[in-house]
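What follows is a single structure, written as structure tokens, with notes after it.
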Amino acid sequence: MAEYTHYFIQYNLTDIFYEDVNIEKYSCSICYESVYKKEIYQCKEIHWFCKTCWAESLFKKKECMICRCIVKSISELSRNRFIEQDFLNIKVNCPNSFKYIDENKNNNNKIKDLENGCKDIITIGEIEKHLKQCKFTHIKCKFIGCNKIIRLNQVEKHEKEQCEFRLEYCRYCDTDGITSRSLENHYKECPKFIVKCSENGCTVQLERSQLESHIEKQCQMVMIDCPYKIYGCEQSNRFPKSNLTQHLSSINHTLAMGSMIESQSLQIKETNIKYENLLNKINKLEQLETESKCDQLYDKFYQFESKIDKKLNNLQLDLYPKDNQQPQQKEQKEQKEQKEQQERIKFDDLFEKVSKVNSYFINGCLLKYKNRWSISNYLTESRKYRKITSPSFKIYDKKFKLVIYPQGKDDGSYTSLFLKSDSINPIKVFYKFVLLNFKDESKNLIFKNKSIMDKEKSVGCHYFIKSTEPGKKPEVWLKDDSLVIDFSIEVNINNDIKPLES
């Protein structure tokens, strides 16, 4: 059962008496409180008071407060259970017979709920037990957002039928947790809600999410224009899509069709011209970008070269003094040798920088490309196909791909690996293949070379690895049945290599 917050009505016993009762008859004559939940003691003269009042009186004076008979302690008094029990047997109404007034938290103004209140008549002694099981007690609705106070025997109806904050389930889209007050709005937007086609005359019912597609592609009642209207069709008014066949057969559209074909041909021609212009612009931009990069690298190279020449001249002046100068002292000679050593170090640094820049220039700009080729299900693929080709990739405007022959291109005992290009001109390439060893990285299989890709348009290694190795040692050369090859390529894009002819 769900946990509820209970709201109990605050009451005095006089509020719930079923019949008129003289409450003074059951009240302590010292504190004037009723004997409810109190122990009543009496002296030998039958003068009774509550235990609390007896204790306070005897603390001050050892005598009865009325007859003054000697009473040394409460233990000398007798319990008056008759008055206690007589009070507990008084008949009362259940406190839940009243309305719970939310605005009056203390319920000072008791209003009998004749229609929905508890009708039980009980005794004062039965009040606590009765309230624990009374079905008319007041509780707060369990749903978040609802602040209504209802009776326990009405909670099921309220939560299932009346509460606006009860959680509902959309039977169309399987969404739950929707409050009852929001369900109607949800139905107005639910993509799975069944709706009728909005086109006049169409009786199709379908999910809201399919409505747009239905109207666009399937609905026969949607109003359309003749497809040849802009090319001269006589029919100017729109008509249902279902009438299109009848319209096309009833009117001769030959002239309109000819006009349409001519118009579309012109559009295609204009599109092709725009495409060619855009392609030329792209090629020019790529060429300008490459030339700009090359110019920048050349500038750096000449700057470094100029610095080196200047340093060399300075060194030469210092190391070879003029003939008319006097011989230097020993100390000055040592200083000059030390200075020479420092200049040599600086020279070496500059030379190294120039070498790095110069590495970018081999008859033009050198572009570098690195990547990894992972061949899934290698053992299965190698038995199934003579060759396996990688996805193609571009370096500048040249397209390349890797091709592996698991059983060799020429010799079946060795696997072959090649780099191929679709370039129509010779290309100078520097390439490196690395077959990963998953047991020991230091034992990776490496092949590198530099070649000119001419008419063959492919370079590589015929004897890369024994064709049986991956199958014999899968734990070494395969990872999750994948053969992995790292490769790097350097391409000279501005070379003017021409094949020799004789």
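Glycine is treated like the rest: Cβ placed from N, Cα and C.
Annotation comment: Swiss-Prot describes 28-68, 129-183, 185-243 as zinc finger. Here Swiss-Prot flags 261-295 as coiled coil. Summarising the annotation, Swiss-Prot assigns domain 'MATH' to 368-489.
Summarised by DSSP class, the composition of the zinc finger (185-243) is 22 helix, 10 strand, 27 coil. Secondary structure counts, DSSP: the domain 'MATH' (368-489) has 18 helix, 65 strand, 39 coil. Look at the zinc finger (129-183): DSSP puts its residues at 20 helix, 13 strand, 22 coil.
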